Amino acid sequence: MARYIFVTGGVVSSLGKGLSSASLAYLLQSRGYKVRIRKLDPYLNVDPGTMSPFQHGEVFVTDDGAETDLDLGHYERFSGVSAKKSDNITTGKIYSDVLRKERKGEYLGKTVQVIPHITDRIKQFIKHDSSKEDFVICEIGGIVGDIESLPFVEAIRQFANDVGKKNALFIHLTLVPYLKASDEIKTKPTQHSVKELRSIGIQPDIIICRSERPIPLDHRKKISLFCNVDIKNVIETVDVRTIYEAPMSFFKEKLDLQVLNYFKLKSKKPANLNPWKKITKIILHNKKQVNIAIIGKYVELKDAYKSLDEALTHGGIDNKVKVNLVRIDSEKLKISEIKKKLKNISGILIPGGFGKRGTDGKIEAIKHARLNKIPFLGICYGMQMAIIEFARNQLNLKNATSSEFDKKGLPIIGLINEWTKDGKKIKGTDKDLGGTMRLGSYDAKLKDNSKISKIYKSKLIKERHRHRYEVNIAFKDKFEKKGMIFSGLSPDNKLPEIIELKNHPWFIGVQFHPEFKSRPLAPHPLFSSFIKAAKNHK
């Protein structure tokens, strides 16, 4: 039977519940246990797929096509276990399921209520497909006290009673702030947060205290006394220089051992933190550096490209070089400033995106990379912009465009049901935004002796997609005659998945999102190759 660990947050949000959960998962795995991590999000959206990146950050896509919270990216990168649709649930999804059943009459005329119908559905989600796991870690989004999170907190309280307290552990992550003016660390916010949690019926078993400074023993004793938690279970987590130090920080505090002690379990093997020590050393102490420009319209919010940032870091780890990310807002990028802004850049990356805003800046940056032989990687929308730039400037198709933002031009890029084999437009169908995506993992076959096949060292790959628009295969021959090779296609040869320039040191565009599959201990080959090219660029 699986044992369940529930991670809640208090005082403020964005304290690092996801990273803490992911770090704990790795530590338990390193002790010989199977672990799965799940996220319970209290917002009313069915999923984050249609939410603005400024509101929610990155949308992380799983192999089976779920649009999920970015924390699932942390889970995968730290644990090495691929997430599933069943690992992320939202209030919107829960209510949709319950209301659908009500409309079908499955509740036999009963009054549908938060308790028991909503809470029962949450408990079903927690327990689903968990029988083969040793531990299931469930992170509850938001903080204790939020109105939105109340059904989830009530559900996990009930769940602990259902499975027995010996099979359920509550971890509460709180902020222990440092006041510079008085040079003091304050424990009162943590005390009040735990008081709030206890008022709902949950007594935390472990408290993780996030602070920018080490917490004195007297303060930890105070938290132990007022929150009714053993002093050994008051865990300190001080701000680290890189997130990859987090597992080592929790290992030092013996978080994993305290969890095993609670469940009366022993370590199956010694924990091995050497891989993490190695990569943090490369990140923090490597003198060799490369500057990579990320040109997009969501660069103001770091979380908007979280997996991408991490994948580039992984590429740096593999090449033993520090990667400096230079974020450039494509909406504000003027043609006259491109040369100046990209002067000391060793590689240019255009990430995924949607809509017309910022397209001109992206296209001009791609042109600069192509003409000046600067290593270039275009991801999803970035590949489509590279196609448009090449069509306009090399194929002389001046009206080449995407039907996503221009319905009058030549649709080099369009919805798959908007064009036919001869490239002519046909009428598409209107659907909900959330239901028209090509989502999840798909196969692609690679061209023999192409740059991309040498990078992957394979003829067939499987990568994750998240897009509505595709490159029109009807233009393939025209592009290849001018030197842009369609080096990756869908197995049926209908959908271009990868393009590369013949007469360029490193110019690749991919329709998928390779960043979702990169991990610190197993960097994605595409990012390793890109950083290597940037490292060698002069």
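A Cβ is built for glycine as well, from the same backbone N, Cα and C atoms used for every other residue.
Matching GLU331, GLU337, GLU404, GLU480 to the L-glutamine binding residues that Swiss-Prot gives (GLY353, TYR381, GLY382, MET383, GLN384, ARG468) identifies GLU404.
The CTP site in Swiss-Prot is built from SER13, ASP146, ILE147, GLU148, LYS186, THR187, LYS188, PRO189, THR190, GLN191 plus one of LYS39, LYS221, LYS222, namely LYS222. When ASP71, ASP87, ASP97 are compared with the ATP site residues SER14, LEU15, GLY16, LYS17, GLY18, LEU19 in Swiss-Prot, the one appearing in that site is ASP71.
Considering only the binding-site residues PRO189, GLY353, GLY382, the Cβ with the fewest other Cβ atoms within 10 Å is that of PRO189. Within 10 Å of the Cβ of TYR381 (L-glutamine binding site) there are 26 other Cβ atoms, across all protein chains.
Classification of LYS188 (UTP binding site) by DSSP places it within a helix.
The Cβ of THR187 (UTP binding site) lies under 8 Å from the Cβ of VAL176, HIS219, LYS222, ILE223, PHE226, each of which sits 6+ residues away along the same chain.
Looking only at Cα atoms, GLN191 (UTP binding site) sits nearest to HIS513 among the recorded positions CYS380, TYR381, GLY382, GLN384, HIS513. Each of the recorded positions CYS380, MET383 was ranked by the number of other C-beta atoms within 10 Å, and first place falls to MET383.
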